[in-house]
Amino acid sequence: MAQWNQLQQLDTRYLEQLHQLYSDSFPMELRQFLAPWIESQDWAYAASKESHATLVFHNLLGEIDQQYSRFLQESNVLYQHNLRRIKQFLQSRYLEKPMEIARIVARCLWEESRLLQTAATAAQQGGQANHPTAAVVTEKQQMLEQHLQDVRKRVQDLEQKMKVVENLQDDFDFNYKTLKSQGDMQDLNGNNQSVTRQKMQQLEQMLTALDQMRRSIVSELAGLLSAMEYVQKTLTDEELADWKRRQQIACIGGPPNICLDRLENWITSLAESQLQTRQQIKKLEELQQKVSYKGDPIVQHRPMLEERIVELFRNLMKSAFVVERQPCMPMHPDRPLVIKTGVQFTTKVRLLVKFPELNYQLKIKVCIDKDSGDVAALRGSRKFNILGTNTKVMNMEESNNGSLSAEFKHLTLREQRCGNGGRANCDASLIVTEELHLITFETEVYHQGLKIDLETHSLPVVVISNICQMPNAWASILWYNMLTNNPKNVNFFTKPPIGTWDQVAEVLSWQFSSTTKRGLSIEQLSTLAEKLLGPGVNYSGCQITWAKFCKENMAGKGFSFWVWLDNIIDLVKKYILALWNEGYIMGFISKERERAILSTKPPGTFLLRFSESSKEGGVTFTWVEKDISGKTQIQSVEPYTKQQLNNMSFAEIIMGYKIMDATNILVSPLVYLYPDIPKEEAFGKYCRPESQEHPEADPGSAAPYLKTKFICVTPTTCSNTIDLPMSPRTLDSLMQFGNNGEGAEPSAGGQFESLTFDMELNSECATSPM
C-alpha cells in the first residue's frame with residue numbers, strides 16, 4: 001500500500017502530527033495530488049546532487065501541469081486555482097534552489113515513515129501486558145477517565161435533587177400562602193385555631209425537610225467542587241505539564257509529541273460540568289429569593305460556592321490556551337524556536353475547550369517580549385516588532401479534527417534600531433544568540449456572562465539576523481530545553497546551569513535520529529565524550545558547562561565542540577545521508593580504536609569516519625595495507641569537505657578512488673568496507689550508471705568524443721607522476737597540489753592527499769584498473 005494511503009488510515013492523534021509536517025514551503029495539497037509520483041522519486045539523492053535536483057524539480061512542474069489538465073477536464077475550479085497557486089509559488093521559491101525543495105520533501109517523507117513506525121509500535125505495545133511504561137500510562141488515564149465520569153454523574157445527580165428541592169419548595173410556598181390567605185379571611189375560633197395549628201405543624205415539617213435537602217445539596221456541591229479541583233489539578237499540573245515537557249523535547253529532536261485530542265476531550269468535559277454546576281448554583285439563588293428563613297444554608301454558602309466555581313472555570317480556560325506548534329521558519333523545520341529577522345515564521349495556538357459557540361469569537365493578537373521590556377532594556381537585549389498578519393480569529397474549520405485554533409503563517413520580526421546599532425545597552429553581557437525572547441498570544445473570552453482574559457506564550461526563541469548565527473542559536477535552544485521546563489526564564493543564560501554527559505549524550509543522538517534514520521551508538525557517543533571531557537572510562541554523571549559545550553575552543557583546535565559537530569550534522573544531512581542511514585559511516589571513532597579494528601583485517605579493508613580537524617565538517621576513509629616488507633600500515637586520505645562533495649558524491653569518490661604506485665599504475669586500495677562488505681555491494685547502488693553520465697555521440701558527427709570519467713587519485717610521490725598519461729595542464733595541477741597541499745589531518749599510519757581529475761578512457765590507460 002502507498003505510504004500516503006497508509007497515513008490516512010491512522011488515528012486522529014497521528015493525523016494531527018502529519019498535519020504539522022506540512023506548510024506553505026511544501027503544501028499538503030500537492031502531497032495529496034501527486035502522492036504516487038512523489039513517493040517514486042529519490043529525493044534524498046536529489047537533495048545531495050544539484051543536477052539531479054534540477055531534473056526532478058522540472059519533472060515536478062510537469063506533473064503539476066498534467067494534474068491541472070485532469071482538473072480542467074473535471075471542471076474542478078477550486079483545485080485548478082490551488083494547483084496554479086502552488087506552481088507559481090514553487091517556481092518563485094525554488095527555481096534557482098531546487099535542492100532546497102528536494103531536502104524539504106525528503107524530510108517530509110522520512111517523517112511520514114517515522115510516524116507510521118511509531119503508530120505500528122504503539123499498536124503492538126498496546127496489547128502487551130509486559131510493557132511497563134504503556135501499562136502505567138494506560139492505568140493513569142483510566143483513573144482520570146473514572147474521575148471525570150464520577151464528576152459528570154454527580155452533576156447529573158445534583159440536577160435531579162435540585163428538581164426535587166424545587167418541587168418541595170413550591171409545595172411549601174403554596175401551602176404557606178394558602179394558610180396565610182385563609183387566616184386573613186376567617187375568624188379565629190377554637191376549631192379554626194386547631195386546624196391552623198395542624199397545618200402549621202405540617203408546614204414546619206416541610207420546612208425542616210426543605211432545610212435538610214438544601215443543606216445536603218450545598219454539602220454535595222462543596223464536595224463536587226473539591227472533586228473538580230482535584231481533576232483539574234491532575235489535568236493541568238500533570239497531564240498538560242507532561243505534554244508541554246514532551247513538546248520541549250520534541251522541539252530539540254526528541255520523540256514526537258503526542259496529540260492533544262484526548263487532553264482536549266478531558267478538559268472540554270470538565271469545563272462543561274463546571275458550567276452546568278454554575279447554573280445549579282445560580283438556581284440556588286432563585287430558590288433563596290422565593291423562600292428564605294433564618295439559618296438558610298443557601299444564604300450562608302452560595303456566595304462562596306459561586307466564587308469557587310467561577311475561579312475554577314477561569315483557571316481551566318487560562319490553562320487550556322496553549323501553543324500547539326512552536327514558532328518555526330518553514331525552511332528550517334528541524335530547528336524550531338530560531339527566527340531570522342525578515343524571514344517568515346509560523347506558529348499555531350489552540351484552545352483545549354471545544355465549545356462550538358466560541359467558533360469565530362476569539363480574536364488572537366501576537367506580540368513579542370510583552371512582559372519583559374524593562375528586563376530586556378536592563379540586560380541590553382535587542383527589541384523587535386512583529387510584522388505581518390499578527391491578529392487572527394480562532395475557528396474550527398482550519399484544523400483536521402475541528403479543534404478551536406488559529407495558525408499564523410506570515411509573521412516576521414524586525415529589529416527596533418537605536419543609536420548604537422540596535423543594542424539597548426553596549427555593556428550587555430549576553431551575545432545575541434544567548435538572548436531569549438517570548439512571543440505572547442492574547443485574547444478575551446465572553447461566555448455566559450463571564451469575561452476571561454487569556455494569554456499564553458511560546459517557548460523562549462532566539463532571534464538571529466544572519467543565517468551564520470544559526471549553529472550557536474540552535475545550541476542555545478538545545479541547552480535551554482534540555483535543562484529546564486520553566487517556560488519563561490529569559491534570563492537563563494545570565495547564569496546557565498551545568499548539564500551532565502547523560503543529558504548531553506541523549507540530545508546529541510537526537511540531532512542525528514530526528515533528521516536521519518540513525519542515532520548515535522554508545523561507541524560513537526563515547527568518542528564524543530572524550531572530545532568534550534578528555535580520556536576516561538565512565539562518563540556517566542560527568543558535568544559539562546555551557547561554555548565547554550559551545551563557546552570554548554577544543555584543545556588544540558580553533559573552534560568549539562558544537563561548531564565542529566553541527567557542521568558534521570549538516571554534512572550528513574546534505575551530502576552523505578543515504579550512507580549514514582545504511583550504517584556505513586562509523587563516523588566518530590578514536591585513532592586508537594580505528595587502528596585496533598583495522599590492523600586485524602586483510603589489506604583493502606577500510607572504514608569511513610569524520611574529520612577531527614576540519615571546522616567546516618569533513619569525511620574521510622582509512623584503510624589497511626601491507627608495505628613491501630609485509631608490515632601492516634594504516635592510511636587515511638585527506639578529508640573531503642562540502643565543497644568537494646558538491647562536485648562528486650562520496651559514494652562515487654570511494655568507488656573511483658585510486659593510488660598511483662611507483663610504476664605509475666593506478667590501483668584501488670579500497671576493497672572491503674569494515675567489517676567485510678564488498679565495496680561494490682555497499683556503494684555501487686549510489687553511483688549513477690555510466691550510460692547516464694555519458695550521452696551517446698551524435699551519429700552524424702565526424703569524430704565522436706572520447707568518454708571521460710572523474711576519479712580521485714593519490715600520488716605516492718610527485719617524481720613518479722611524469723610518466724602518467726594525462727594532459728600537461730592536469731600534470732601541472734597534480735604537481736602543484738602535491739607540493740602545496742595544506743590542512744591535512746595526521747593519521748596513525750600516513751596521510752594521503754587526493755586529486756580529482758578527468759581522465760580520457762583511451763588505450764593509453766589500459767594498464768589502469770579503473
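Cβ from N, Cα, C; glycine included.
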Matching range for Swiss-Prot feature annotation, motif 'Essential for nuclear import', among 150-162, 228-240, 293-305: 150-162
For the motif 'Essential for nuclear import' (150-162), the number of residues DSSP places in helix, strand and coil: 13 helix, 0 strand, 0 coil
Beyond the flanks of the motif 'Essential for nuclear import' (150-162) by at least 6 residues, Cβ under 8 Å: 213, 216-217, 220-221, 223-224, 227-228, 231, 269-270, 273, 276-277, 280, 283
Modified residues compared (Lys49, Lys601, Lys615, Lys685) - the one with the fewest other Cβ atoms within 10 Å: Lys685
Where Ala2 (N-acetylalanine) falls in three-state DSSP terms: coil
Tyr705 (phosphotyrosine) versus modified residues Ala2, Lys601, Lys615, Lys631, Tyr640 - nearest by Cα: Tyr640
By Cα-Cα distance, the member of modified residues Ala2, Lys49, Lys601, Tyr640 nearest Lys615 (allysine): Tyr640
Set of same-chain residues at least 6 away whose C-beta sits under 8 angstroms from Tyr640 (phosphotyrosine): Gly618, Val619, Thr620, Phe650, Ile653
Secondary-structure category, per DSSP, in which Lys685 (N6-acetyllysine) falls: helix
